[in-house]
Amino acid sequence: MSQKVLLNATEVHIALQRLACQLIENHDTFSNTVLIGIQPRGIYLAERLKTILETDYKIKDVPLGYLDITFYRDDFRRSGKTLEANKTKINCVVEDKKVVFIDDVLYTGRSIRSALTAIQSFGRPLEIELLTLIDRRFSRHLPIQPDYRGRQVDAFGEEKVKVCWEEKDGEDAVYLVNN
Amino acid sequence: MSELSVNHLLGIKYITEADIQLIFETADHFKEVINRPIKKVPSLRDITIANLFFENSTRTRLSFELAEKRLSADVINFSAASSSVKKGETLIDTVNNILAMKVDMVVMRHPNPGAGVFLSQHVDASIINAGDGAHEHPTQALLDCYSIRERLGDVAGKKVVIVGDILHSRVALSNIFALQKLGAEVKVCGPKTLLPKFIADIGVGVESDLRTALEWCDVANMLRVQNERMDISYFPTTREYTQQFGVTKTLLDSLNKEIVVMHPGPINRGVEITSDVADSKQAIILDQVQNGVAVRMAVIYLLASKIKHNEN
């Protein structure tokens, strides 16, 4: 197994700052916006962006929820093992709001397809955007593209993109792992 | 561990503590789902479930049916009263005929103990026991323990007394197994005629005085007197039973602590517990009903995960 650094800590921070600024351009005070971190790995990115928006750019109380897509996945009984769920926590109204889905890596697009179905259980958003730190080009199974991306990556099918977060994995970095 | 150790839920006796914990963790997620504006997930949209009730039931059947529908499964219902069972068809034939219609899972209630186990050995479907005679009622025990966990934080280390008709109660037996597996201490309390002889052999204490039992416990699970299963008289009169084993508000208030009161339903108000107890804050009877749907969704989801996907 070999791995290559795609983004180091500094580059991750620069990307986060840029993504936060791009969100502000489109969402201003976030009074009509809800950020939704996709479980399990999107919640770290979502929390980081919320912190940057609130501390660096003084935006008050950016609404943030976590959405688990396990029960909406299209590979139930196909992967050979039980799909384990994570916590969903959406304490804000999504009806008529601008929703931004936040996930660490966009790969086949199937998770986002599931998330689009899942969010409907909470209401009818005005519109939904997608933000990902890493966009794996050339690997989509569905017609889904991000509105905001940290870095576009060309990776082969057998390669894996691993996003590490300080609070979870002890460092901020993105690796391309070759098995 | 991320999957159940069994392919059927036939009784608490056959599953492990880790299975129970997995069911509880999954039920937590489903409890959140059933409190959403839209209370339905599409997970089981290619699974068909048959509810076979060879014995009367209202809440268990409704609870299972709702759980199945919330998971988007297709549901067919069958009750013995209006079926060919009356014409002499055997259990295996009845079930095989239903399975021939491409049914993946069977939820069955049957008056004979062991009916679920028997069926699981002879037909090719995942079986959930929804009560077999006086043997087991595993989903009731799971939802009872889940409700205790929700109210008291944990089941381990808690003291639970099961009061009433233990002899005829599948709820009692399943509850005893589940509580013991989760590390709770269990005692039973009731008329001696309604306590099974084996009770001490399975590590359950016996208390004949209700007040002493209530002083000891954290949770009192009040069982219904099952008149329909009693072919002889087990106690002189209902009035006498109530005087000795009925819980009243006065009795609860006179204890030196606040205990949790449970009842699997249907309640005989004024017999096992009085109305003011049933409607008090200490009673978690309606929480049990709500948790029943979440716990059954978890059981069905986890068992359905183990049914092989048919590529054709």
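Backbone N, Cα and C define each Cβ position, glycine as well.
Because TrEMBL annotations are produced automatically, they should be read as predictions rather than curated entries.
As given in TrEMBL:
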| type | residues | note |
| --- | --- | --- |
| BINDING | B:ARG59, B:THR60, B:ARG109, B:HIS137, B:GLN140, B:GLY265, B:PRO266 | carbamoyl phosphate binding site |
| BINDING | B:LYS87, B:ARG170, B:ARG224 | L-aspartate binding site |
| DOMAIN | B:8-150 | domain 'Aspartate/ornithine carbamoyltransferase carbamoyl-P binding' |
| DOMAIN | B:157-302 | domain 'Aspartate/ornithine carbamoyltransferase Asp/Orn-binding' |
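Taking the features listed in TrEMBL, we show where each one sits on the structure.
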residue: B:ARG59; record: carbamoyl phosphate binding site; Cβ neighbours (10 Å): 14
residue: B:THR60; record: carbamoyl phosphate binding site; Cβ neighbours (10 Å): 23
residue: B:LYS87; record: L-aspartate binding site; Cβ neighbours (10 Å): 6
residue: B:ARG109; record: carbamoyl phosphate binding site; Cβ neighbours (10 Å): 26
residue: B:HIS137; record: carbamoyl phosphate binding site; Cβ neighbours (10 Å): 27
residue: B:GLN140; record: carbamoyl phosphate binding site; Cβ neighbours (10 Å): 28
residue: B:ARG170; record: L-aspartate binding site; Cβ neighbours (10 Å): 23
residue: B:ARG224; record: L-aspartate binding site; Cβ neighbours (10 Å): 19
residue: B:GLY265; record: carbamoyl phosphate binding site; Cβ neighbours (10 Å): 17
residue: B:PRO266; record: carbamoyl phosphate binding site; Cβ neighbours (10 Å): 9
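Of all residue pairs in B:LYS87, B:ARG170, B:ARG224, the annotated binders of L-aspartate, the farthest apart have Cα atoms separated by 33 Å. For the carbamoyl phosphate site, the Cβ centre of B:ARG59, B:THR60, B:ARG109, B:HIS137, B:GLN140, B:GLY265, B:PRO266 serves as reference, and the other residues of the chain with Cβ at most 8 Å from it are B:SER57, B:THR58, B:SER63, B:ALA130, B:GLY131, B:VAL171, B:PRO264. B:PRO266 (carbamoyl phosphate binding site) sits 7 Å from B:ARG224 (L-aspartate binding site), taking the C-alpha atoms as the reference points. Sorting the domain 'Aspartate/ornithine carbamoyltransferase carbamoyl-P binding' (B:8-150) by DSSP state (H, G, I as helix; E, B as strand; all else coil) yields 69 helix, 27 strand, 47 coil. When secondary structure is read from DSSP and collapsed to three states, B:ARG170 (L-aspartate binding site) falls in the helix class. For the pair B:ARG59 (carbamoyl phosphate binding site) and B:ARG224 (L-aspartate binding site), the C-alpha distance works out to 14 angstrom. Largest CA to CA distance in the carbamoyl phosphate binding set (B:ARG59, B:THR60, B:ARG109, B:HIS137, B:GLN140, B:GLY265, B:PRO266): 17 Å, whole number. Rounded to the nearest whole angstrom, the C-alpha distance between B:LYS87 (L-aspartate binding site) and B:ARG109 (carbamoyl phosphate binding site) is 19.
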